[in-house]
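As written in TrEMBL, here are the features:
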| type | residues | note |
| --- | --- | --- |
| REGION | B:327-382 | region 'Disordered' |
| TRANSMEM | B:16-36 | transmembrane segment |
| TRANSMEM | B:42-61 | transmembrane segment |
| TRANSMEM | B:68-86 | transmembrane segment |
| TRANSMEM | B:92-113 | transmembrane segment |
| TRANSMEM | B:120-138 | transmembrane segment |
| TRANSMEM | B:169-189 | transmembrane segment |
| TRANSMEM | B:220-244 | transmembrane segment |
| TRANSMEM | B:250-279 | transmembrane segment |
| TRANSMEM | B:291-308 | transmembrane segment |
Amino acid sequence: MLAVDGITVRFGGITALDGVAFTVEPGTAVGLIGPNGAGKTTLFNCLTRRCAPDGGTVRFEGEDLLALPPHAVAERGIARTFQNLGLFPRLTVRENVMVGAHSRGRTGHLAAALRLPRVRREERELRDQADDLLRRLGLADVADQPASGLPFGTLKRVELARALAVRPRLLLLDEPVNGLSHGEVGQFADLVRSVRQDFDLTLVVVEHHMGFVMGLCDKVVCLDFGRKIAEGAPEEIQRDPAVVEAYLGVAV
Amino acid sequence: MRTIVTTLGTDRVRRLRATLTVLLAAAAAGYVPFYFAPFQVFQLTMVLLYAVALSGLNLLVGFGGQISLGHGAFFAAGAYTAAVMLDRHDTGHLATLPVAAAGCFLLGLGFGVPALRLRGLYLALVTLSFAVFLPPLLKRLEPLTGGSMGLTVEKLQPPAWSGLAEDQWTYFVVLVVTTVALLLARNLLRSRVGRALLALRDNESAAEVMGVRLSLHKTLAFAWSAMFAGVAGCLYTWVIGFVSPDSFSFVLSVTLLAGLVVGGLASLYGPLLGAAFVMYVPSVSQDLDEAAPGVVFGLLIIAVMYVAPTGLAGLPGRVRGLVARRLPRPAAAPDRTPETGSPPDARPEPQAGDGPFATPGPADPAVVDAEPVGAPPRTEKE
């Protein structure tokens, strides 16, 4: 489904990603781990066209993703969440989710200003869909509140709801349980597992919480200093000496 | 089930209240020109036409998070389009409106392109330069624009069948155009397009990941905004019957922006309040002293920003928040609180004066609007 090949990104003198390659099969969940600064988020940014790699290719279902303009990525069925939340603080929770459905709407400026019947219909549909998602994720009570000022755990779910509103086939989660309490991590993992099933999602997850990654993912890719140092099933990765070294250092 | 019933109930109540407000406002607006003296009707007409310009500016600044110090120039462009058409081509008033609107839309589209690359102070400077350079240009183009002498054209004349005086007829025509313009702006904002604009304002990078096409929405926001200013300018020519380069100095642009901020950014009726402020404060303070208008205008802006950082439109919400905190019993709150749709002359309740330093609670939506204008949008740290 997703094939990343030889991707290289340089920021000035620093090589953030150095020839990273891996594939994601449809319906699987791939974990992306590595110490801070390993290039995980940079890789995500390449996949969503937030940053242009200096070399390499990214193909999504055979299509060259790097040739698309940034706003067209959502249309292809790719959604993501952000590491430190990328919500719209002054919009309500429902509006946030409705922005997620932007690429599925057709209303243009003129039609919107005249509020043609088809605009009303589309608004109603998008609103109903958003409300369904909010109910599904237990957010119906906060639908009309502005996104700023809600608890962090709730905002994480709002962001997930917004990403789901894109109707993605590939969902990229950037540190989804970062900053959550121990109990919340478990709940969030259950939630991700159930929406993955219901919405038939392929997942790529960046996360430091090993319990979360190992419990969710079918395959784990480990990066260190922009290089792929290991790839395999979660159990293999946990035993891999290179991964252990990268995380804990090596005994002298 | 119960929540569904209550939701439906509040929805119906809200709709009823909205309908009542609209009917009352319409009745008041229809009654006004027969009650007040011609000069006062003229002032109200000016408030309405400024409201059009301000709601356009609001699209760009309040909802779009961009900034423009050049809207006076779009206003001037609309006014001169109408004046030149009336003076040279004798087209009749109605024909000037679509031409002014379309012309300014295109002009705004042209300005929207540099706006894609510039933000904050840089965008402010570029738009300001437009406002500064237009009046001398108008003076130079003497054969067309009448130079610094300006152009005198025919004002709107009431048709015989209406039986109205000139000021009354003008008021009604401007009222209709203003209503249509405000409705268009409202529709635009309550749609996919409006949400895209707000999303871009709040977090550009996240909006783009969600599929919002940045260049399209930002440029068109500029174009709509300029079009509204141009329509207001066209109405100005209809009402005043005279345009000259000095009527549209860059001070007009600054005044428009100040009026918008005082009225309330990103509020649907903030432009009306701001327009009343822009219109009445200088003319009322003129009676005090020759030099008073500038001073009073400036001091009042400071005062409003101090008492109501979210503008006059945000004041009722703030007062409500303060009252709610002073009086823990919710039953006592409603009758002390002005309605959201209160007229511009609604005085701040004493509570607001008592505690201007009190900061609103985290749940107060007003706080959310208090973002500095033109500040670079917060983006995800990449």
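For all residues, glycine too, the Cβ spot is worked out from N, Cα and C.
Stretch with the most C-beta contacts under 8 angstroms to the transmembrane segment (B:120-138), considering only B:42-61, B:68-86, B:92-113: B:68-86. In this chain, the transmembrane segment (B:220-244) lies close to the transmembrane segment (B:68-86): three or more C-beta pairs between them fall below 8 angstroms, excluding pairs fewer than 6 positions apart. By the count of Cβ pairs under 8 Å, the stretch nearest in packing to the transmembrane segment (B:250-279) among B:16-36, B:42-61, B:169-189 is B:42-61. Annotation: stretch B:169-189 has the most Cβ pairs under 8 Å to the transmembrane segment (B:42-61), among B:16-36, B:68-86, B:169-189, B:291-308.
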